[in-house]
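Data block below; observations after.
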C-alpha cells in the first residue's frame, strides 16, 4: 500500500510519465547508496572510501533493479538512511543519528517490516560492543545510565517490531502467533513458483549455514542458467564470489583492532540475519532481486583498509621527503 501511495504522489508531481517514474525511483535509489557511502566515511574513515563508492555505484544489480518502479529503490533509500543514522550514533551524534535511523526504519517498516527487525536487531548487537577507546576519549561516550536507557528503548522497539512482522507474514488468516520457523516455512512454500525453483537452503544448524550463504549470495551458478537473463544473473553472482575471495584480506583487516568499529559489527549482523531470513526463498529469480538490499552491507566489509605495510612505507617516504630530500631516491627503490 505504501509503495502505491508514494508512486501516486510522485505521478501527481511529475505527471503520468513511466520514464519520469523510472528516473525518480533511480534518483531515490542513488540517494540511498550515497547515504551508505556517507555512513562508511562517518564511522570508518580509515576504510577505502573510493573502493566502496565504486562498488555501490557501479555494481550491475544496484544499477538495474532499483531503477524500476517498485520496492527496491525505496528499500535502498531506507536502509542507507538508517545505516547513516547508526554510523552517526556510533560517533556520539546521538540526536541526528536517532532521527536518521528512525526515518529510515519507518520507511523500511512501511515497505518491508521484516527488514526493519533486522536493522534494529543489528543496531542492538552493535551497541553492546565496546567502542574504540580513542573514539570514547574524543567524543565523550555515553555513561552507564544513558546506555541502559537506550538499550531498553531499542529492545522494546525490537519486541514490538517482531510482533508486527509476525502479523504481516501471518496474513489475514493468521493470529500473529506464528513462530519464526512457521514464517520461514510459509515463505518457502509461497516462493516455490516459476521456472527458477530450487530447494530451500534454510539452515537447521550452524553446519548448514555456509550452504545458505552460498545460495543467498552466490547463486545461480552459470551451469544453472536456462535463459539469457538467468545467464546474466549467474555471471554477476560469479563475479560477486570472485570479489569475495579477492577481498578476504581487506575483510579481515576490517575486524582488527584498532580499526574495529560498531558499524562493522552492525553490518556483519545484518548480513548474517539477512542470509538466514532469505535462505527460505525457493526461487533464484526472487533471490537475485532481493539480494540488492544486502549488497551495500556486504561491500562495506570488502572496503577494509589497505595493507598496513604499504601504508607504513608511504609514511616513511613522506617523512624522508620532508626531512632529507636527498635520501628519497634510495627509499623509493
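Every residue, even glycine, has its Cβ placed from backbone N, Cα and C.
Database features, via TrEMBL:
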- 21-43: transmembrane segment (TRANSMEM)
- 63-84: transmembrane segment (TRANSMEM)
- 91-109: transmembrane segment (TRANSMEM)
- 115-132: transmembrane segment (TRANSMEM)
- 144-163: transmembrane segment (TRANSMEM)
- 228-248: transmembrane segment (TRANSMEM)
- 260-281: transmembrane segment (TRANSMEM)
- 293-311: transmembrane segment (TRANSMEM)
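Among the stretches 21-43, 91-109, 228-248, the one making the largest number of Cβ pairs under 8 Å with the transmembrane segment (260-281) is 21-43. With respect to Cβ pairs under 8 Å, the transmembrane segment (91-109) is most closely packed against 63-84, considering the stretches 63-84, 115-132, 228-248.
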